[in-house]
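A short worksheet on the structure shown next.
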Amino acid sequence: MINSNNQVLSEIRFDWNKKEILEILNMPLIDLMWESQIVHRKFNSYNIQLASLFSVKTGGCEENCSYCSQSIYSASEIKSHPQFQVEEVLARAKIAKNEGADRFCMGWAWREIRDGKSFNAMLEMVSGVRDLGMEACVTAGMLTEEQASRLADAGLTAYNHNLDTSPEHYKNIITTRTYQDRLDTIKRVRNAGINVCCGGIIGLGETNGDRASLLEVLSNMNPHPESVPINSLVAIEGTGLEDNQEIDSIEMIRMIATARILMPKSKIRLSAGREKLSKEAQILCFQCGANSIFYGDELLTTSNPSFQSDRKLLKEVGVSFNKDFETCEKTLSSL
């Protein structure tokens, strides 16, 4: 909550309302940054989790998400790829581990998981990643209770299923899946004992109120999502949002800081669109509460800062991270 002096009281809550969140989101930036740092220092160390993201199956998704080049409704020219073999994925995971990745995230461009050979291969991949001593995360659309249970049995650490935007703005972004579908998927994941990875995207044409509404839904989940990816739109030619303007970096800093205040213990992951942020803006995001990044030259179908530039940045900032990332020279992009 906010006291009479406009200070945020650092406590873990699950009953934030939109009015309170807007007050935080709209605080003078210097005050917002100060308050978020207080919360971040109380609940977390300045340790950055390094996550590697690999597209196991690219393109051909049946959903019509207007920001996504992997949708069958998109006119984007992307290089589609059928599902990689288990051995190929685990070889990538092993390289990621040697590079210092703490978590290996695997993405499938699917509307939903379907039982059969592909799902069985996914289970093998999850088990294989865990056998390497890494956290395993999957993002593959909707799933059933039984599928969630089987993923849990395979050792899945986290399942990513983003809300994208507010309930009010959602219908302007996607119509092939409802907001409730997303919430139901998250519930099944949680009921199976798998950590929830859930966040959103800014720059979709939403208002500040929409951003507060998205954060309200996330911060009222009990427990809070284990990790919260905050993405900024990467406008891709051929998608429905190709003409959207880039967001100002201050908007990302505000979103990161507010998310940290609302969800003190969650990993706040600075995700897609990070390449557009200056070094200084990224440093402010880390200062305000971001404590996880995706590293590697590409995130599914969008670009990302280079391995070398990230390593240099983290060393300059003075945060702690896996030391293998500091010494390894080989990168996934070199394969």
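Please read every residue number as a count from 1 along the shown chain.
Quick reminder: no glycine exception, Cβ is built from N, Cα and C everywhere.
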Task = Determine which of C61, C197 appears in Swiss-Prot for the same [2Fe-2S] cluster site as C105, C137, R269.
result = C197
Message = Around the C-beta of C197 ([2Fe-2S] cluster binding site), how many further C-beta atoms are within 10 angstroms, looking at every protein chain?
response = 28
Remark   = R269 ([2Fe-2S] cluster binding site) has its Cβ surrounded, within 10 angstroms, by a count of other Cβ atoms equal to 27
Note = Within 10 A of the CB of C105 ([2Fe-2S] cluster binding site), the number of other CB atoms across every chain shown is 29
Inquiry  = Rounded to a whole angstrom, what is the C-alpha distance between C137 ([2Fe-2S] cluster binding site) and C65 ([4Fe-4S] cluster binding site)?
reply    = 21
Task = Give me the Cα-Cα distance between C65 ([4Fe-4S] cluster binding site) and C197 ([2Fe-2S] cluster binding site), rounded to a whole Å.
result = 19
Note = One of the binding-site residues C105, C197, R269 has its Cα closest to the Cα of C61 ([4Fe-4S] cluster binding site), namely C105
Key: Length of the line joining the Cα atoms of C197 ([2Fe-2S] cluster binding site) and C68 ([4Fe-4S] cluster binding site), in Å   = 19
